[in-house]
Amino acid sequence: EDETWEEDEEVEEEEDEGLEEEEVGEQDNTHETGLIEGIYNAIEVNDSVFEELHLPERVAQDISSVWEAFIRTCGSRDAAAEALFAAFFDASPSWQSLFKLPRAVMTMRFMTGLQAVVNNVPDPTSLKAVVETLGFQHLDNEITTPRVLIFTESITELLSVELGEAMTSFAREGWRTLLNYVGGAMIFIRVKYTERLRILASSWATANSKRQGGAVDDGESNGSSGGSREKTKAPKDEPETKAAKKIVFGKKKNKDAQEADSPDSAEKESSGLRTAAVPQTFSEMFTFNAAVMGFGERAWMNEVLNSFDAIVSYVSSAGRLQEECDVISLRIAKHGGTRTIILSEFKAVMLASLRSLVPKDWTSQHEIAWSWLWENVERMIKLNMGKPQNQERALSRFLDALDDDAKAQMHSEIYAKLFAMCPASEDYFKQSTTRLHFITDAIVGMTLETFRDPEKMVQGISAVGLRHVGYGIPTEICGPFVTSYCQAVCSYTEDETAREGFRWSLGLVSRILVRVIIEGSTIVMKAISQNSAKQIRKAVACAPRGKRSGWMLNVQAGKQSISPLMWAVETSALEAAKAMIIDLLTIRADRDCYYFGMDLLFERHPDIVKRLVQIAPSLLPLVFDGLIWRSRTTENGMRRVNYYIKHLVVDCQGNFSKATEWTILSGDPKIVCHPLIAMTMDIIWSRIAFRTFLHNKVWLLFEVIVFVVGVSAFEAEFNTGNERIIIASCRLFTYVFSMCPRIYMHVALALRNCRNRETISIALLPVPRYLKKWQELVGLMLTIALVLMLMFEPILACIGDKTEFEGSGLFTQACPGGVDVRTAYAVFTLIATFLFFSLTVDLAVFSTRVSAFVLICFRVVHEALMYVLAMAFIVLTFSCAIASLRIEYPAFDTIPEIARSLMSISLMMYDTSRFDIVREELLLTITVVLYVLLTVVFLVNLLIAQLNCAYSIVFQDMVGFARLSRGRIVVEAMPTIPRHRWEAFVASLKLDQPCQFGVGDMGMPGAIQVFEPAAQNIVTVDMIRRFGGTTSPLAQWPEEEDRHAENDRFSHMERLLEKAIRRMAPKGKKGKGGSGASSQIGSSSFELNETTEDSMSEAHSD
């Protein structure tokens, strides 16, 4: 008779039928006197039954109004939560040991639960579901009738004292009845379902080979004596198991019909079933039994099986279980109608599988418990079976029929109804009208997409809910929000199926959204919304030491998660993000373990450096500072320093870390000079990258030497036979081993970029993206110059000339044809020589000082170009002006001749004897003098001033730019390093071995230890926070001395003054006296706070 919830309710209804009739008959008296009698009342705690609580309308309204007034009186929800928690926590010392979580966490959970109860008072069905969930959550707590009465008395007493006359008799009786109802329900659920849920949990763990009493999640704990503790996870299906499930449930399709009928397919199927022949988990056993019992074609069973772990996990949460069953019903609807789906078949396979996996412990109680679970799940699924297909079609037709004008009008009606029902929602919908209409379209589209792809939509809604946690959206507005949508949208269609489908799907979306918001609303996320470093420190102080980092890096809601740290960065809550980074990278220690959040930070966010470079570069030095530890003590004038460079050198796959590459590509000359980055780059450069870079540059140097010997080392016209052979050999080497590889490389890169549409614009012309690097551009120009040299090669011009001439012979270039092309060849040779030598500029990276000098030269060359442009403009201007004077002298006859003469004068190369003609012409003399003043005096001094200013600006970051240049070379060289060399280099760093903090004190791995002069970086405080006492990872860290007390001095004094005022003021009495006393204290406190603030500000200014 206890097998199902329905049977229990029927028995209870029969037993209490007389009481219900009396309650109905006495409702009129209730309205008159305010006293509530019947099954649930304000005096007794009824723990023998659990039914719906029906309160009179006035009582329900008074409960809600008292609750809202209490929150307003306290000033905020947090203050109200603290007052409520303190009221019942201090009411009885005997139950204080029951609260094992931190006070801040308990306060938040208590407020959330009580708010949900108050919100659902007008709806008895929803109220029962909420209370039932709370009851299952408190199964481990010893809740008794006397404790419930004490709890009820403490809460109602607090409300009476704070609100005074606002706490009417109706409200008082209503609150007592409501709290007694909640307490009685918790006792009822604990007595009736504790053993049943324990059987479900233990047998399910055994069926899935889960380890009892799970391990502690202590992933941030590292150390020689500690080791890391990992959270136990439910085993996942192996690939073989997944393949077997697909075969059994008919999801693996053959390539064609012939293959399906062939003997090979049967052999493959039997092979797949043999894969599951030795099942170890429930999923494997269910797959096997389904095939044996003839249910292999039931594809819908796979949908239920995929969610069965969630069903068992959430059996104690009625709302969560209903949500999971609704999603299952949507997924099952994709596999046919109700006639082809018989849910009892799943129960048969399930029980058979569990009996096989739990043979030793299986009893009749197990049979009852699992049957009870499935029958409730089956009842929830059947409520919606057969409806989704019709609702999806009707809703799709309705939404497709709406035009733009109808949609715009509907959007306006939605928000008009919402703001009328819930005026407080206007404070959260502050975007523009177009943005609000976009949100409405997205929400309406979600209702249809929920039917089409429920699994994808659940994940999407969970992600949206987690973002709303960061926005600080209260769940109280979700009810009016859904109501306004349903009223407005349903008024545009007469199709009842479409209306029902929209209401149902939007209700499912809102339930998922509310659940995710509640699950994700941690005290850390609330502190982030305030962007308060103080609140962040207060929030994480409540965390167990083994989970402290996890609180700041992960908030999980179903299969979706959000990182509080990254949310703070993305929402520009930089004060909160700064506090979290400091806390994560602070080393704490007890006798057993060192706790350091470095590994968890980079495991959760491998791209943390990239994200900070893009969003909040000001936080990047903070991260790097946290990865350096310096000893407070010195040894022989040297200080021990640990650089934790593991995640800057190697990633989780063992490859070169992208973190260093992102730091270099940021182009910030200051961040690359950070000691951590400098140490990392120096180690990589000196131990592995230098050799690869040198190998490439040695070949380039050899090419330059051969090229110079071939074009510049010997005379151009007459050479001996041996010299001609050397010249021809060098040029042949240049054309074959320098020009040809370059042609192949540039053609391949250009084709690849064009195929992938990777182009950039240079002078408004699209060019391949690889030419963005100046070395590649210079290399392309050099290739073109070498090709042109080959075309005008004098040796090739003379190779067929058999006539006799001076200098004739093998490989000569003195023939008439060679003489004709010599000038063009010389021009291209000149260009190629400059380009060859420009490619050797990278050799400056061997020395930081030389590299810095070269970079300064490149930085100031822009100023020289400006001087050249100004000089050319003035020369052209004066050349045209002097040409108009018509002076009959060769040096000042034409514009080109005049320009040459003026340039010679500016460069002090003009023959002084030729100034006679200048002296004879007065206008020419004046013009030349003016030209000399402009160019030699003004422009030259201006150039000097510009170079001086540019140098002074660049000089500050000279070393940084040099390190950036070397870093880019290192990043480019890393892909060419062989795998075995890279692995040997990583192994030589010994990053997996603990690094000492002192003699005999073994710390965490992942660091390189060096010794630096003691005076280089003075450390006066130990950078490791060490604590005594318990070493349990579940314990909080002892309260630390607040290093930020200076900033909080004024607020601390304000709190002391408020406490003093409350002590001096007369204590409030029940009823009338409470309200007046409270308001008097509040006003006095406010006035005194204003006076204190003025006086304190004057004192600080003095």
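Just so you know, glycine gets a Cβ as well, placed from its N, Cα and C.
The compositional bias 'Acidic residues' feature in TrEMBL is assigned to 1-26.
Residues or ranges marked as compositional bias 'Basic and acidic residues' by TrEMBL: 228-243.
TrEMBL lists 244-254 (among others) with the feature compositional bias 'Basic residues'.
Positions annotated as compositional bias 'Basic residues' by TrEMBL: 1062-1072 (among others).
According to TrEMBL, the region 'Disordered' annotation covers 1-32 (among others).
Taken from TrEMBL, the feature region 'Disordered' applies to 210-274 (among others).
As annotated by TrEMBL, region 'Disordered' applies to 1061-1102 (among others).
Per TrEMBL, the feature transmembrane segment maps to 698-714 (among others). Taking Cβ pairs closer than 8 Å, the transmembrane segment (698-714) reaches residues 723, 726-727, 729-731, 733-734, 737-738, 829, 832-833, 836-837, 839-840, 843 in its own chain, all 6 or more past its ends.
What TrEMBL lists as transmembrane segment is 777-797 (among others).
Feature annotation from TrEMBL assigns transmembrane segment to 825-858 (among others).
Within the same chain, residues 892, 894-896, 898-899, 902-903, 906, 921, 923-924, 927, 930-931, 934-935, 939, 942-943, 946 sit at least 6 positions outside the transmembrane segment (865-885) and bring their C-beta atoms closer than 8 Å to a C-beta of that stretch. According to TrEMBL, the feature transmembrane segment maps to 865-885 (among others).
The transmembrane segment annotation in TrEMBL covers 922-944 (among others).
Residues of the same chain lying 6 or more positions beyond the ends of the transmembrane segment (922-944) and with a Cβ under 8 Å from any Cβ of it are 863-864, 867, 870-871, 874-875, 878, 881-882, 885, 887, 892, 902, 905-906. The list of residues near the transmembrane segment (825-858) in space but at least 6 beyond its ends in sequence, with Cβ under 8 angstroms from a Cβ of it, reads 693, 697, 700-701, 703-704, 707-708, 711-712, 716, 775, 778-779, 781-782, 785-786, 788-789, 792-794, 951, 954-955, 958-959, 961-963, 965-966, 969.
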